[in-house]
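In what follows, a single structure is set out as structure tokens and then discussed.
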Amino acid sequence: MVIGDPNKLPDGRGQLRRHSRAPRPDRAPRPDHGPPRKSRKKLQVIICVLLVELCERFTFFGIVCNTILFCTVKLGYDNYLAATVNLCFIGASTLTPVLVGWFAETCLGRSKVLYICSFLHFFGTVMLPVVAFPFEDFYIDTHHRTHQLKPLDQQILFYTGLLAVALGIGGIRAILCPIGAYSLQCYNQHQLLSFFNWFYWLVNLNSTVVFLGIAYIQQSVAKNLAFLIPFTSVLLALIAIHMMRNNLTYKPKKGGSLLTTLGVFLNSIRMCCLHYRHLSGDVGSWLDRAKENNGGRYSETHVENVKVLAKLFPLYGLQLLYRACITQIPSGYYIQTMNSNLHLTSLLLPIGAMNVISIIPLLLLAPLIECVTTCYLSVEKTPLAPAKVITLGHACATLSVLVAGLSELHRKSYPLVEQTLSGKVLQVSSMPCFHLAPQYILLGLAEALVTPACSLISFQLTPSHIRGISLHFLTLSYGGGCFLAAFIVQLVYFLSGGSFYPDTLHEGNLERFFFLLASLMAVNTLVFWRVSYRYIDLSVRGKALAISPLAEKLLHYKACLRFYDTVDRSYTTASIESIL
């Protein structure tokens, strides 16, 4: 057949050759155009992430800077209740990235969760300006008639909007701006510290732009903010959709989960409470009781990973009270500033402008730390250990709260003057608000020292496949600190009968609340100083156990034999160790 059709075969071969050669010119330029395409994609990702951070923080701080003012002036809340609402919103916005991120990975999927959270964010940011923000020019029409919305309905819509925004922020932060999106696996300790310093420097530079923008808007026609916040949310949603459709998002690696970690703890506690010693015998750590070969439910690998994380739990736990001090900026310090003289000659300063003062140390200290570290390394000296830096930061936070108490005594010594905020005339101290600057600066200095160092320790002392979980626990400690601060405010208010967190500051003793918090923070600093030796040497990384499935089965089989007391322990142990 081939011989009978001699012209078809050459033509067919010619066509085959032409088809095989056709793609070659397209493939040849790929090595030349590959790197530019990758660099353009990286640049696009960086620009999108920065825009997302800018938009998200604008809406977040726009809410935080106005919540206490709205709750006290419009809803008639006492100061302690307004501070509690603001602290709970900040805590929920901090915790939701961890929880929503886990939900996206295990249940619904990243794309659907991102779209849902973008809608919730827009829904909340539309509802809050329309219903809640304390702007008279929004509530009063051209005929000077106010809206007739009932206070109960206003509160329901207000809290619904806060919850929707908190959930929306969680999905956006977890999917678009995770810390794991940066390739940090090959960095050494000093490179990691440099990265975290500059990362948080950029975040705070972004926050400075946001605070200045909010201050300018508050100082101009107030209703502009009611339109800008939903517009920013729409822009944020469009960027999120663009990143998702063009595969510009980072998908974290699989490597354990928060539920598995919590399950190991609960199973270990259960095994200890039930005293299953006839099955597990003596163990080196109480967490070992959760292992399958000791009668537990979890594999050797999972338990060893949790044991590595457990070494960092003192670090996480001691950040709770520190974070409660940091949250005084949008709560206690805010109330102090609101009851001080905000006039600068003929200009009424926005309360949110004082937050910029706390960010200045963050912007100045990061380049200084980088310069000092470089000088130390150039002369082959070891810079200050991150654990010592955290201790110094905790001491600065303690001093800041102590100075806040002294400033409150100083503020009450000034005579009272009238000051109008959101259309309501308030009796405030005539002390200029800039006298409160030292406590803001000290708290900003503490944040510049503590946050990068905590991230470095959490990242450096854990194996690569569970670093995401380690950073999640650190985030949980930050969110838990916000709720701890709210709990302390409520507890102090009820135990003191309202004296330590008064509604009228010149008639109460707010300074005693600050002194109490400073005493607790001083004890917290001493405890961290005592346990900080565990985190001095970061050269020894936590190593999780990598065990084969066959070895795990043999360990489980050994446990069964031990139950019937029919095992030669030396021979079985040697066999398993040879496999490992």
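Here the Cβ of each residue, glycine as well, is placed from N, Cα and C on the backbone.
Listed features, source TrEMBL:
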REGION    1-38  region 'Disordered'
COMPBIAS  23-35  compositional bias 'Basic and acidic residues'
TRANSMEM  45-69  transmembrane segment
TRANSMEM  81-104  transmembrane segment
TRANSMEM  113-135  transmembrane segment
TRANSMEM  155-177  transmembrane segment
TRANSMEM  198-219  transmembrane segment
TRANSMEM  225-244  transmembrane segment
TRANSMEM  347-377  transmembrane segment
TRANSMEM  440-459  transmembrane segment
TRANSMEM  471-493  transmembrane segment
TRANSMEM  513-533  transmembrane segment
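Simply put, out of 81-104, 113-135, 155-177, 347-377, 471-493, 347-377 has the most Cβ pairs sitting under 8 Å from the transmembrane segment (440-459). Sequence-distant contacts of the transmembrane segment (155-177) (same chain, at least 6 residues past either end, Cβ-Cβ under 8 Å): 48-49, 52-53, 56, 59-60, 63, 67, 70, 75, 85, 89, 92-93, 95-101, 104, 110, 113-114, 116-125, 127-128, 131-132, 233, 236, 240, 243, 249.
Between the transmembrane segment (45-69) and the transmembrane segment (471-493), the number of CB pairs under 8 angstroms, six or more residues apart, is fewer than three, so the stretches are not in contact.
Most Cβ pairs within less than 8 Å of the transmembrane segment (81-104), among stretches 113-135, 347-377, 471-493, 513-533, belong to 471-493.
Away from its own ends, the transmembrane segment (471-493) comes close to residues 80, 83-84, 87-88, 90-92, 94-95, 97-98, 101, 179-180, 258, 309, 312-313, 316-317, 319-328, 331, 454-455, 458-459, 500-501, 513, 516-517 of its chain (Cβ-Cβ under 8 Å, at least six residues beyond either end).
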